[in-house]
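Peer 1: Below is one structure. I have some questions about it.
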Amino acid sequence: MNFHPCYPVDHGVPSWILVLLLSLGLCNLQARADRVLDPDFHENYFEQYMDHFNFESFGNKTFGQRFLVSDKFWKMGEGPIFFYTGNEGDIWSFANNSGFMVELAAQQEALLVFAEHRYYGKSLPFGVQSTQRGYTQLLTVEQALADFAVLLQALRQDLGVHDAPTIAFGGSYGGMLSAYMRMKYPHLVAGALAASAPVVAVAGLGDSYQFFRDVTADFYGQSPKCAQAVRDAFQQIKDLFLQGAYDTISQNFGTCQSLSSPKDLTQLFGFARNAFTVLAMMDYPYPTDFLGPLPANPVKVGCQRLLNEGQRIMGLRALAGLVYNSSGTEPCYDIYRLYQSCADPTGCGTGSDARAWDYQACTEINLTFDSNNVTDMFPEIPFSEELRQQYCLDTWGVWPRQDWLQTSFWGGDLKAASNIIFSNGDLDPWAGGGIQSNLSTSVIAVTIQGGAHHLDLRASNSEDPPSVVEVRKLESTLIREWVAAARLKQPAMPRWPGPKKQHPSR
């Protein structure tokens, strides 16, 4: 297994630098992350096996798995490796929004590695066809974890640090993967920080109404009047639709197409509901650009927009604009282009990455969440296991394995695991689907008061709530202890004592 040939973006890079990087098996694409503490990431490709578990179908065929690496803070031979298990998107997006890892690497003299998940970003086993039906058979959690394990071993060997203690990091689905890495490959990973990892929910456990109930709670907590206004807006849309006033809905909400069928109404409801999901997840106390440009405290801003409009449907339109029209240049909402219904009711996004995630939600990742207009403020949009099965058969020709993650990765019964931190923010609607209490002395749960989706992974900010500052201190301490313990467990090099002394016979 060798690193993929590199193609430098900046052809003016001195040749001696490229030679040095190539000698390490690392080829520089001169890409950088924009952070307060700049890690100076270099983009690389690794020749990764297409199929780790079948010796016949693809043999030794490989694809280019992208990863980012920074040795800016690394004390070679002594510092640990901090390894981000990439999730459902371009790896640069996660690297640019995980500043805590950079800060921690500077403190603990660690090598930083961000590994892209197969089928996402530029890590495409079948090129541009990868996310088309008929080419997705190698997209599984298990294959992705094996990618990470093989890449990590190759890096260690190439850099001559076979025993460097490694800590896995990840957020959301990536947080699930970091925990799974510790569980499946404990000989490679000494511990894991699993931020906002919904390991219980995605295993098909828990309450199907939990997610949208918790999104509602975020807005109700900001303003009970806001939550009621949301209910009123959706009800007005429904009433107008039943009256056949399709043009009125389109004019007030600003859709590009006039609604004409129940399918259009459901699409509009899903489109609007998704805006609330994004605002709740991204409810950070400062402006961000993770899932798109958002202001500080976007839930508060969204409620202000909604309540400032005298007409409720127009208020709903103004709130949705935070997500779908941040530039203010969209003349209307193309609800079928901007939002695509999929096997994840919380939203898949659009484009190739969205198709890959849709497939995963049709196979191993169980996301059967409903809104019911009783425990939440949204229209009734059911998504049962039966509906999931039919959608997945029609779309991908696959039958979901409803309980597979309970079998393969233990569901919520993780007492036998060790050295995992499950962190959640109390503002994050995913928190209710994760581990929320300590399972043992080394599998611990921490809650960030005033924290949204994996806030602790983000770089330190003067607007951070005090709780996340304390949580990061705890995480830093535990990670340092895990690294130290892993070093103590490393076997000493055996020494040959020499020939036994022969005693003369008596």
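Any Cβ shown, glycine's included, is placed from N, Cα and C.
Quick caveat, the model's predicted, so the values are computed rather than measured.
According to Swiss-Prot, the signal peptide annotation covers 1-33. Summarising the annotation, Swiss-Prot assigns N-linked glycosylation site to Asn60, Asn96, Asn325, Asn366, Asn373, Asn438. The feature active site, charge relay system is assigned by Swiss-Prot to Ser172, Asp428, His453.
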Peer 1: Same-chain residues six or more away whose CB lies under 8 A from the CB of Asn366 (N-linked glycosylation site)?
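Peer 2: Those within reach of Asn366 (N-linked glycosylation site), by Cβ under 8 Å and sequence separation of 6 or more, are Ala201, Val202, Ala203, Gly204, Arg388, Pro400, Gln402, Asp403, Leu405.
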Peer 1: Given the recorded positions Asn60, Asn96, Asn325, Asp428, Asn438, tell me which ones have a C-alpha lying within 10 Å of the C-alpha of His453 (active site, charge relay system).
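Peer 2: Passing the 10 Å Cα cut: Asp428.
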Peer 1: Please report the distance from the Cα of Asp428 (active site, charge relay system) to the Cα of Asn60 (N-linked glycosylation site), rounded to the nearest angstrom.
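Peer 2: With the alpha carbons as reference points, the distance is 42 Å.
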Peer 1: Roughly how many Å lie between the Cα atoms of Ser172 (active site, charge relay system) and Asn325 (N-linked glycosylation site), rounded to a whole value?
Peer 2: 25
Peer 1: Please report how many Å separate the Cα atom of Asn60 (N-linked glycosylation site) from that of Asn325 (N-linked glycosylation site), as a whole number.
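Peer 2: On Cα coordinates alone, these residues lie 46 Å apart.
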Peer 1: Select the closest residue to Asn373 (N-linked glycosylation site) from the following glycosylation sites, measuring between CA atoms: Asn96, Asn325, Asn438.
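Peer 2: Closest recorded candidate to Asn373 (N-linked glycosylation site) by Cα: Asn325.
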Peer 1: Whose Cβ, among the glycosylation sites Asn96, Asn373, Asn438, has more other Cβ atoms within 10 Å than any of the rest?
Peer 2: Asn96
Peer 1: Between the Cα atoms of Asn96 (N-linked glycosylation site) and Asn438 (N-linked glycosylation site), find the distance and write it as a whole number of Å.
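Peer 2: Their Cα atoms are separated by 30 Å.
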Peer 1: Where Asn325 (N-linked glycosylation site) and Asn438 (N-linked glycosylation site) are concerned, what is their Cα separation in Å, rounded?
Peer 2: 41
Peer 1: According to DSSP, does Asn366 (N-linked glycosylation site) sit in a helix, a strand, or coil?
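Peer 2: For Asn366 (N-linked glycosylation site) - judged by DSSP and reduced to three states - the answer is strand.
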